[in-house]
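According to TrEMBL, the domain 'Plastocyanin-like' annotation covers 35-139. Taken from TrEMBL, the feature signal peptide covers 1-25.
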Amino acid sequence: MGSEKQGFIWLSGLLFLNILAVSTSDVLYYEFFLQESQFTKLCSTKSILTVNGSFPGPEIRVRRGDTVFVNVHNQGNHAVSLKWEGVKDSIDGSNELIQPGRNFTYEIELEDEIGTLWWHATSAGAAATVHGAFVILPAANEDYPFPAPTSDQTIILGEWFREELTKAN
């Protein structure tokens, strides 16, 4: 009976260590405040919708397997929703239109995504200014699926028009 009990304790300990080693994913929280801000580029000042006062918006940096909550507070003048490009459709509220003065929290459960993706507004007026990088690193206990970089720098390309584009009649 004693050896059975020792075997059970040993197997239980091994199972616990295995679960501990595998469950290294984190839960991360981000707060996005959409607000109108004055920006000057190419000697032209415009009022644009920004995230936390920055253009482009903040970078989200997480690990594969993490769960990410992004609470978006719309302090702008128009309804807006965010799209998470490259992330599987397991996002809670992925089509939620956030009205001015309201907020919505996106829940993003990462599975096997890895690499540099991006997020952006889907509303026509905000898509050009409300966007940012979504960097998903390998899980804490795994290697890159390619040679590991020695450093990284995120570069976001965008457009800035000095004048509003109008349709020709």
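Here the Cβ of each residue, glycine as well, is placed from N, Cα and C on the backbone.
From a predicted model like this one, the values you see are computed outputs, not experimental measurements.
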Next on the checklist: Just to confirm my parser: what is the rounded mean pLDDT across the domain 'Plastocyanin-like' (35-139)?
Outcome noted: 89
Item to check | Secondary structure tally of the domain 'Plastocyanin-like' (35-139) (DSSP, helix then strand then coil) | outcome: 0 helix, 56 strand, 49 coil
